[in-house]
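Taken verbatim from TrEMBL:
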ACT_SITE  Asp185  active site, charge relay system
ACT_SITE  His261  active site, charge relay system
ACT_SITE  Ser587  active site, charge relay system
DOMAIN    87-144  domain 'Inhibitor I9'
DOMAIN    178-632  domain 'Peptidase S8/S53'
DOMAIN    442-510  domain 'PA'
DOMAIN    691-786  domain 'Subtilisin-like protease fibronectin type-III'
Amino acid sequence: MSLSRRAGLRRPAALAIATTAITVLALSPPAQVAAAPAAPTAGTYLIQLAGAPLAAYTGGVSGIAATKAAPGAKIDRTSWNYQAYREYLKGRRAEVLDRAKIAKSKQVAEYDTVLNGVAAKLTADEVTRLSRTPGVVKLWKNELFKMTTVSTPKFLGLEGSGGVWNQQFGDPSKAGLGTVIGVVDSGIWPENPSFAALPEPRPDADVIASKFSGPCQTGESKAGFPDFACNNKVIGARYYDFGAPKYTDEDFKSPRDSDGHGSHTASTAAGNYGVPATINGIAVGNVSGMAPAARIAAYKVCYSNGCGGLEIAAAIDDAVADGVDVINFSISGSTNSLTDLTETAFFHAAAAGVFVAASAGNNGPGPETVAHNGPWNMTVAASTHDRFSQKSVTLGNGATYTGAGNGGAFGPAPLIDAVNAGLPGADPTRLAQCFPANENGGVAVLDPAKVAGKIVLCRRGGSSRVGKSLAVKEAGGVGMVQYNNTNAESINADYHFVPTVHINNTGGLAVKAYIASTANPTASFAAAVPQTVRAPQMASFSSRGPAIAGTGDLLKPDVTAPGVDIIAAVSPVGHAGNLHDSLQGTSMSSPHVAGIALLLRSKNPTWSPMAVKSAIMTSATTKDNTGQQIPATPLDFGNGHVRPAGAFDPGLVYESNPLDWFQYTCGVGQHQDLGDGSDVCDLVGQIDPSDLNYASIAVGDLAGKQTVTRTVTNTTNQASVYVPKVEAPAGFTVKVTPAVLTVLPRKSASYTVEITRTTAALGSWAFGSLTLADLRGHSVRSAIAVRATQVSAVAEVTTSGPSGSVEVPVRANYNGTLGARPVGLVPSTVHTKHVEGTDSGFDPADPQEVPGVAKFTVTVPAGVTGRFATFQSDYAPNTDLDMHVYKDGEPYSISGGSNSDEAVTVTEPGTYDIYLLVFSLPGGVDAVDIKFHSFLLGSTASGNLTVSPASQAVTVGGNKSVTATWSGLTPGSKYLGGIEWTNGGAVLDRTLIQVQA
């Protein structure tokens with residue numbers, strides 16, 4: 001979606017979760033100290049109950065055998081055991097709710113496939129009662145999340161006689177046969193030609209009928225629109241609303257899409273082949289999805305004000321039960337949790353045989369911003385493709401300025417600067433930026449008497465780029481020249497409402513000067529010229545690793561795919577009547593990979609989700625279309641840019657299963673609930689996170705030397721001999737054992753990788769690769785990312801109370817003495833501002849304090865850690881704020897989670913501008929008093945925090961801990977402090993401590 005829909009950026013304790021949960025049977029990991037849950041409040045909750053869901057049930061109930069899917073298979077929904085256990089769970093849910101005296105009328109949904117539970121509207125007393133009821137594992141309160149291709153099939157090597165569609169399937173009409181994608185998003189516009197009915201008879205009719213059983217919910221009718229209906233392309237549709245205030249007048253109470261986001265992602269993955277597309281009257285060519293023969297099931301969870309967490313979980317539960325092969329999830333998620341509601345649902349979806357593609361997030365380019373970090377997901381970054389449309393403007397004085405645009409030649413026509421074309425009383429800034437009325441509270445700024453028949457010069461920022469051309473059109477203008485605020489900003493070939501050329505700042509100022517010095521200025525536009533440009537390049541907004549949730553020991557994102565200027569289907573309601581539009585974000589890159597996964601599952605229906613994922617990862621490339629290295633690292637794009645052709649015959653794959661994932665999450669200190677009160681880690685043990693059998697290798701805290709193990713499985717019917725080729729990260733040596741690896745047909749073999757630090761700088765990442773190659777043309781490449789450290793400590797501890805103590809774990813990577821000294825605690829400085837309404841016009845490229853936005857400025861001195869934060873406890877439920885931080889005028893970081901808990905931590909001195917965007921407010925509320933907290937933490941103790949022991953003997957790899965104790969804090973205030981870990985006086989690392997007193 002647009003870049004205002006962003007996931008969060010923060011470095012909190014390892015287990016903070018995005019959806020509010022009241023844990024009944026707590027499984028507290030040693031690396032995390034969580035704040036006590038707030039007092040129960042009324043709302044809609046998912047009541048998670050004891051007992052494994054269908055996707056995880058391995059037996060134990062008398063007379064009912066396991067329903068968990070066999071390796072490489074999907075869950076069998078037709079079996080007697082499946083139906084019997086489903087009825088058993090239903091009965092157990094009824095018993096528990098009856099015991100807690102929860103009326104059946106309060107229930108809004110049931111979960112049994114990837115979660116075992118029920119959603120219900122509860123009073124605060126009922127929440128308290130349930131939390132004490134045997135059989136209740138956890139209560140999850142609903143919260144709101146956010147939604148985060150003309151040439152991309154050709155760019156990815158799908159089209160053409162030598163492309164994947166022809167080589168693997170015969171032609172595009174067969175690409176993806178027999179597969180179904182579940183799109184969990186904002187719904188779908190079924191009348192869009194990208195979703196038109198496929199020709200009958202369908203060659204995969206029997207396959208689809210045997211695997212998919214989802215309904216087509218029609219929902220409520222709405223005047224002026226046809227009733228929702230499915231066809232043989234859109235074969236399933238559901239919509240969910242459990243009471244969160246999401247509806248607006250533009251929304252449909254049906255699976256119909258008003259926003260366009262869901263239609264765009266669905267058509268990118270599986271839209272029909274060769275559909276003619278126009279945007280604002282401009283023909284843009286034919287569009288195709290990645291898997292044009294695949295079928296689509298739409299699961300609508302997103303509305304104008306966000307996407308409900310309980311609705312998301314219900315959609316995932318239904319999608320797996322309905323029988324989809326792939327799920328695409330282009331919605332924000334946690335950067336730090338592997339055990340929140342959505343990740344738990346995806347864990348079991350993958351265990352049930354469903355491939356999950358998820359967007360990495362739009363919080364880049366800062367580090368540690370990547371979301372959806374579970375190893376069971378495929379996490380997708382965003383990058384550019386090779387299409388660019390060049391267009392130039394020529395002034396009446398003969399000067400020509402080249403930028404971007406679409407359409408034919410135009411002009412000459414009179415030229416006017418927007419600053420001279422305003423209505424009386426128009427805001428000067430908004431006038432210069434050509435605000436359209438629909439982004440300015442219904443108030444126009446351009447004067448038709450001055451604009452009619454003219455080309456208008458508009459400055460970028462404040463309003464949307466395309467919205468400016470709408471303002472020009474509505475005022476009677478015939479064209480627009482849009483110019484940037486700086487030359488560093490992107491030049492975009494958007495599809496505008498009037499002929500438009502987008503130029504840089506230098507060109508724009510020259511045009512402005514020409515208008516000011518000329519009596520009758522004119523301009524004309526040249527016809528657009530398609531250009532092939534170097535690609536891919538990483539999109540600046542794409543979220544980066546390392547993954548906080550994986551402590552740096554799992555490389556995320558997994559791959560990158562096209563996510564900039566992607567043309568696909570949309571809803572005409574949200575896109576000025578257009579049926580196709582150009583959007584950008586990791587929301588757009590994820591469905592590219594989901595569509596590629598459909599192709600692979602169509603060709604190899606017995607492959608597991610992890611085999612599909614491995615094939616996509618190991619076949620990815622780090623070279624661009626010119627043969628040069630993509631200017632990025634594995635922290636940006638994982639194994640590289642997707643290259644579908646190589647994924648169909650990968651040679652080897654890296655498999656893993658739920659047991660491996662449990663052991664991995666235990667290894668990073670995040671414990672999945674089993675549902676019966678037992679600690680999964682006591683049952684399955686744990687592995688070093690770097691040892692998870694993954695198609696990339698990451699070690700985030702290497703202490704001198706570390707050996708990791710990998711197991712590969714031969715996907716072919718022939719034995720093959722593989723020889724490892726290593727590109728060692730700078731400052732490290734890498735040794736692979738054995739030196740020659742023989743893998744029998746359809747069998748597995750293991751090898752070890754010993755990584756040793758030689759000269760690598762401590763604390764810095766270094767990158768390399770390991771490629772296993774045979775004589776049959778297979779080249780199985782894994783990225784390597786390594787960081788050498790002296791101490792491994794949790795980044796942050798979050799706790800509460802005016803006094804208390806907490807144990808903080810640490811691991812040393814040397815032999816000697818480890819010191820620990822307190823810093824702070826310092827109280828926050830609280831800044832307040834009253835804000836009316838929600839944000840609709842904030843432009844990250846040109847930040848301003850527009851309606852729905854509050855700006856604050858903080859100066860951070862040298863040697864000081866700054867933190868900028870808002871806390872949900874300061875606001876009513878369902879208040880959602882986003883934070884955009886700029887340093888010395890340049891974008892620095894973003895925090896945009898699903899509520900008002902936002903934080904950005906900085907260590908560089910400078911002046912920071914912090915913009916707080918009001919994303920949503922509770923129903924019936926149209927204003928909010930912002931409370932912005934700033935912390936300035938130096939290197940001295942305040943006397944209210946102690947650490948014991950102050951020093952202790954350590955050895956390489958030894959696990960230790962200290963106790964941090966605080967007292968004398970003012971109740972209700974927020975504090976920030978920390979522990980500095982030292983060796984001989986030198987500071988090695990710092991753990992922050994956030995206290996809500």
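Numbers here mean position along the shown chain, with the first residue as 1.
Yeah, the Cβs are placed from backbone N, Cα and C, and that goes for glycine too.
Keep in mind that this is a model prediction, so the values were computed, not measured.
For the domain 'Inhibitor I9' (87-144), the DSSP counts in helix, strand and coil order read 24 helix, 18 strand, 16 coil. Counting residues per DSSP class in helix, strand and coil order gives 20 helix, 15 strand, 34 coil for the domain 'PA' (442-510). Taking only the Cα positions, the spacing between His261 (active site, charge relay system) and Ser587 (active site, charge relay system) is 8 angstrom.
For the pair Ser587 (active site, charge relay system) and Asp185 (active site, charge relay system), the C-alpha distance works out to 10 angstrom. Ranking the active-site residues Asp185, Ser587 by C-beta neighbours within 10 Å puts Ser587 at the top. Sorting each residue of the domain 'Subtilisin-like protease fibronectin type-III' (691-786) by its DSSP state yields 1 helix, 60 strand, 35 coil. For His261 (active site, charge relay system), other Cβ atoms within 10 Å of its Cβ number 30. Summarising model confidence by region, the domain 'PA' (442-510) averages a pLDDT of 94.
Ser587 (active site, charge relay system) falls within a helical segment according to DSSP.
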